[in-house]
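> Quick one: the structure is below, and I'll ask about it shortly.
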Amino acid sequence: MKFPDTDFALVATSYVHEDGSSEIAAAGSRDFIDSTFRPILGMVRFNPAFVPSTPSNLTDYDNNFFSTVLHELTHALGFMYPLFEHYHPINSTTPYGNNALCSFTKYGRKFTFLVTPYCHLFAKKRFGVETFYGDNGAKCPSGIELEDQGSSSTAGSHLEKRVYNSEIMVGDDTLTKIPFFRYSDATLSILMDTGFYQINWANAQPLVFGHPESIDGKPIEGFAIDPPQKSFPEKYLFDLTNDVGFDYRSITAYYNKLILEEYIDCSNPFFQLYCGEARYAFYNPVKSPVISSDILADYQLTIYPELYCWNNTANLPGRLTDVPQYTNAGDLKIDDICGTYKCNNYESFDFTIKDADGKTITKTCSKKNINEEFNHTLKAHYNNTEYIITKTNYCPDPERFCRTMKLSYMNFNKDPFDPNTKVLEGYPQTPPEWTFDYSDLDKELKAEKKKLAIALGVTCGISVIVVVSIVLCCYFKKKKSQPYQQQSDQVEEDMVNNP
């Protein structure tokens, strides 16, 4: 199959699964330039059962389908474990080879990092360290940790969810119709390290989860490699007082991922890593009686995003009570669960929300009343029945809240790969503009040279994809949430098969 005068050719098809498969989309490549692994022919296959009836865009509230496709196409761009050793500088064809990855063991757990140049720069800015240290004198350049759990095709080819929760390239999906995932500089750094792309960073968003500017402007000590129970900021993990996520936008009343620690069956492969040396050294050092069945998040009690605030609205830390029991995430609907806010620098903010009677409630949270409690009622709907439920709220630190909301509702306005920039400080920079010259394409293909710039756009540029692999196919599986006893069948993951 030949496509003259073409940088990349993409063949799109649909495939009906008679067995009710939960596959949403699959992407892969069929040809590339041998010496550089530069892709020139790709394919994408869609399951029509999951194609929405209306167009889906990254900026829509229900952008789940778009995000899933974007996830798959990013794999096709070259985000795959088998290709890491072939990454190279953009001005050279010499691959990083064995130097692309670095591993060590710490707390009884194995860590693997992608330490190519842009990944290293990303990690230095995010975590504030030049080097990660393991046990027995082992060390690695700071880099981006890769997923260590899931199937052989999930592990190694995704971002570690424990550290990069809400990034579009973690190995699972929320399965709810909310705009939770974001295309961040974590993924951009990996794409740039392929050696094929220059990136328009203005179309990407900061990853709020663990961001050094989301709390007080300083890196979160230990966030990258220390036990989350001891290093994560307050309210990052679920507890009995809080149903609201790290971003003050994601909310849940859905708890089917919780497991009593005493009932864990260590003969179940699902808990193989948890039951090893890292059990109380890394995964559960405080010996919590409850852990999560989310293996990709290292069994941590991350708050499962079910409801979501958008259009510059938010929710405050706290708990939903009097909630009716329901089966599937997303079945419960709550009116006016999100409120508006106005930040007064980082000293205070005003939060306004409506209660179940339509009454407007305004609360000022300041440095002087952190953790002060206030309650209001809400209308909830499930199975054609209306319920009155209660939301208990706690005033968060206004600096953390306002920093988080700024990061959450913005795109980059300056180069995140400039070592001297901060997202929330300084003047905006002019984003790059790329011009495309196709005149020497035939010469490039014949000489097997590599010169390419792709502007990743939010609405269409990302759809101009480069599909990379060595005759590999990526599959993104989506399944409905199920009770824990069926959890081994529930893990939503990409599967990479060699045809």
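Glycine is no exception: its Cβ is also placed from the backbone N, Cα and C atoms.
Bear in mind that the values here come from a model prediction, so they are computed numbers and not experimental data.
Annotations for this protein, taken from TrEMBL, read as follows:
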BINDING   H71, H75, H158  Zn(2+) binding site
ACT_SITE  E72  active site
TRANSMEM  452-476  transmembrane segment
> When a 10 Å sphere is centred on the Cβ of H71 (Zn(2+) binding site), how many other Cβ atoms does it contain?
26
> Other than its own, how many Cβ atoms are within 10 Å of the Cβ belonging to H158 (Zn(2+) binding site)?
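Other Cβ atoms found within 10 Å: 27.
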> Hey, how far is E72 (active site) from H158 (Zn(2+) binding site), Cα to Cα, in Å?
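Given the Cα positions, E72 (active site) is 11 Å from H158 (Zn(2+) binding site).
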> So, in DSSP terms, is H158 (Zn(2+) binding site) helix, strand, or coil?
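In three-state terms, H158 (Zn(2+) binding site) counts as coil.
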> Based on DSSP, name the secondary structure state of H71 (Zn(2+) binding site): helix, strand or coil.
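H71 (Zn(2+) binding site) sits in a helix per DSSP.
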> Among all protein chains shown, how many Cβ atoms are found within 10 Å of the Cβ of the residue listed as 'active site', not counting that one?
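Neighbour count, Cβ to Cβ under the 10 Å cut-off: 25.
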